[in-house]
Amino acid sequence: MSAQISDSIEEKRGFFTRWFMSTNHKDIGVLYLFTAGLAGLISVTLTVYMRMELQHPGVQYMCLEGMRLVADAAAECTPNAHLWNVVVTYHGILMMFFVVIPALFGGFGNYFMPLHIGAPDMAFPRLNNLSYWLYVCGVSLAIASLLSPGGSDQPGAGVGWVLYPPLSTTEAGYAMDLAIFAVHVSGATSILGAINIITTFLNMRAPGMTLFKVPLFAWAVFITAWMILLSLPVLAGGITMLLMDRNFGTQFFDPAGGGDPVLYQHILWFFGHPEVYMLILPGFGIISHVISTFARKPIFGYLPMVLAMAAIAFLGFIVWAHHMYTAGMSLTQQTYFQMATMTIAVPTGIKVFSWIATMWGGSIEFKTPMLWALAFLFTVGGVTGVVIAQGSLDRVYHDTYYIVAHFHYVMSLGALFAIFAGTYYWIGKMSGRQYPEWAGQLHFWMMFIGSNLIFFPQHFLGRQGMPRRYIDYPVEFSYWNNISSIGAYISFASFLFFIGIVFYTLFAGKPVNVPNYWNEHADTLEWTLPSPPPEHTFETLPKPEDWDRAQAHR
């Protein structure tokens, strides 16, 4: 992205110095976004290959005789189950650890959280630089793992992204070990980033900006940072035990030596359930700002919105075993986790109805960011979440495509749509150039139709009893699988179109000549700065009237 030249120091920064050695929070945020986009492209390519295989019954593409991109009915094809497992595993690992959190927390969080609170930079700029390059190392390790020797004398670890033992402890080759190291490094970069965010938020707010005057996106990133800080060390301990079981003869998860594989499930999901809220909370913050801007109204219920995010974060830590209803828990335990899980619907409902109340009576402008916010179908995932929170119903739905549909409505039509909303909302601010509105709207409709075509039919497949993570299925399931795969092709085409939109915008987009190119309801501090912001922002700290409407109108 082109930088605005504001002084002679900036003119001396070459390309290498700026992008490889930068400690500037804005540049590091952009780096996070681009790297997450690259990891996302790899991950969705794996997704499309999965959906190609599942479009029709029988195995057509993933053959032991060799991978194919074109089905050949005349040629023999022995199913390559390891390749299938590898594709499933790395799609999950990349998306969960290297795409959504780095984009929302590392990208938008790094770039805009300091701007929202009027801070000149992050509290620890060099730590910020270290966090990013550790993230690059993590992505590199994950891709190296995909290409390294694994089980069945083939590349990659085919154990699922959750790395459950005994599959993960018995998988041959060192691809599994590299995957564990990739997750470790991902955890380290997130923990360092979280420490930085928390310190910045607590110590570097503009004069007069008390806690409950901080914009909702900054609050969302701050709460997410606490969740990362409290949950990722637990995951680190669990996968270290896994590494020890694989290489040093310990038996933490081996019943033959007194271990217990269910212990690993508890450790993993104590991290894994807060993880889904870490992925979605920054998205909640973005959606709040977008809806407020394009409904031309202040956000409804600011304080309940903050408290709802804090409640979601707290409750997220005490519901982990709802992933484990079928793992032999007592009825008493299941009853507790069932009730606690349904309780999360209350603060989530507060947020959803506050967004609706913000739009109610507003003068709504259907620009591209607002379309993404309106299509933020996290709510559909939330409704199916209440269904599978019931232990009795989960007996039926566990490990079926109903779970896949539930999870992807939360992640794909939730977190991913929030990333797109944030990109279109802020790309003019970050680059100084605006996207073509028609292209943004076309991308939205392609992705919206494609995503719903993929995941909505999967509810039906789950209801019919189709288990997830299988390379083949009976012909009875073929109708909805075919529709789901068509949706995947439409979504993939829309993602490639989005990449084109981003590069067109950066190099040929219409220049933005004003700080605030939306309207007066885009009222956080970044809209007082030039587009793009200069390298050094808020060297003179902002005054209350710059960000507080009550002060400005006195």
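Here the Cβ of each residue, glycine as well, is placed from N, Cα and C on the backbone.
Neighbour density for His408 (Fe(II)-heme a binding site): within 10 A of its CB lie 19 other CB atoms from the protein chains shown. The feature Fe(II)-heme a binding site is assigned by Swiss-Prot to His91, His408.
A 10 Å cutoff on Cβ-Cβ distances gives Tyr277 (Cu cation binding site) a total of 24 other Cβ atoms nearby, all chains included. The Cu cation binding site annotation in Swiss-Prot covers His273, Tyr277, His322, His323 and is backed by similarity to another entry.
Among the features that Swiss-Prot reports, heme a3 binding site is placed at His406, with the record citing similarity to another entry. DSSP assigns His406 (heme a3 binding site) to a helix in the three-state reduction.
The disulfide bond annotation in Swiss-Prot covers Cys63-Cys77. When secondary structure is read from DSSP and collapsed to three states, Cys77 (disulfide bond) falls in the coil class. Other Cβ atoms within 10 Å of the Cβ of Cys77 (disulfide bond), summed over all protein chains shown, number 18.
Taken from Swiss-Prot, the feature transmembrane segment applies to 26-56 (among others), supported by similarity to another entry.
Annotation source Swiss-Prot lists transmembrane segment at 81-118 (among others).
Per Swiss-Prot, the feature transmembrane segment maps to 127-148 (among others).
Marked as transmembrane segment by Swiss-Prot on the basis of similarity to another entry: 175-203 (among others).
Feature annotation from Swiss-Prot assigns transmembrane segment to 215-248 (among others); the stated evidence is similarity to another entry.
As annotated by Swiss-Prot, transmembrane segment applies to 260-295 (among others), with the evidence given as similarity to another entry. Long-range neighbours of the transmembrane segment (260-295) within the same chain, counting only residues 6 or more positions beyond its ends whose Cβ lies under 8 Å from a Cβ of the stretch, are 96, 100-101, 104-105, 108-109, 162-166, 215-221, 223-224, 227-228, 230-232, 234-235, 237-238, 241-242, 252-254, 305, 309, 312-313, 316-317, 319-324, 327-328, 351, 355, 358-359, 362-367, 369-370, 372-373, 376, 378, 407, 410-411, 414-415, 417-419, 421-422, 425, 518-519, 521-522, 524.
The transmembrane segment annotation in Swiss-Prot covers 301-319 (among others), and the record cites similarity to another entry as its basis. Packing against the transmembrane segment (301-319) from elsewhere in the chain are residues 212, 216, 219-220, 223-224, 226-227, 230-231, 270, 273-274, 276-277, 281, 284, 288, 337, 340-341, 343-344, 346-348, 350-351, 354, 357: each is 6 or more residues past its ends and has a CB under 8 Å from a CB in it.
Under the heading transmembrane segment, Swiss-Prot lists 331-359 (among others), citing similarity to another entry as support. Long-range neighbours of the transmembrane segment (331-359) within the same chain, counting only residues 6 or more positions beyond its ends whose Cβ lies under 8 Å from a Cβ of the stretch, are 284, 287-288, 291-292, 295, 297-301, 304-305, 307-309, 311-312, 315-316, 318-322, 325, 373, 378-379, 382, 385-386, 389-391.
Summarising the annotation, Swiss-Prot assigns transmembrane segment to 367-390 (among others).
If you look up Swiss-Prot, you'll see 399-425 (among others) marked as transmembrane segment.
Sequence-remote contacts of a segment are chain residues at least 6 beyond its ends whose Cβ falls under 8 Å from one of its Cβ atoms, and for the transmembrane segment (436-463) they are 51, 367-368, 371-372, 375, 377, 384, 397, 400-405, 408-409, 412-413, 417, 420, 424, 477, 480-481, 483-484, 486-495, 497-498, 501, 504-505, 509-510. Residues or ranges marked as transmembrane segment in Swiss-Prot: 436-463 (among others).
Residues or ranges marked as transmembrane segment in Swiss-Prot: 478-508 (among others). Listed as Cβ neighbours of the transmembrane segment (478-508) (distance under 8 Å, sequence separation of 6 or more from its ends, same chain) are residues 1-2, 37, 40-41, 44-45, 47-48, 51-52, 54-57, 420, 423, 427, 431, 433-436, 439-440, 442-443, 446-447, 449-455, 457-458, 460-461, 464.
Tallying C-beta pairs under 8 angstroms between the transmembrane segment (81-118) and each of 26-56, 127-148, 215-248, 367-390, 399-425 places 26-56 first. All protein chains included, Cys63 (disulfide bond) registers 17 other Cβ atoms within 10 Å of its own Cβ. The number of other CB atoms found within 10 A of the CB of His91 (Fe(II)-heme a binding site), across every protein chain shown, is 19. In the three-state DSSP scheme, His323 (Cu cation binding site) is classed as helix. For the recorded site, Cys63 (disulfide bond), the DSSP three-state label reads strand. The C-beta environment of His322 (Cu cation binding site), restricted to residues of the same chain at least 6 apart in sequence and closer than 8 Å, consists of His273, Phe337, Gln338, Thr341, Ile388, Ala389, Asp394.
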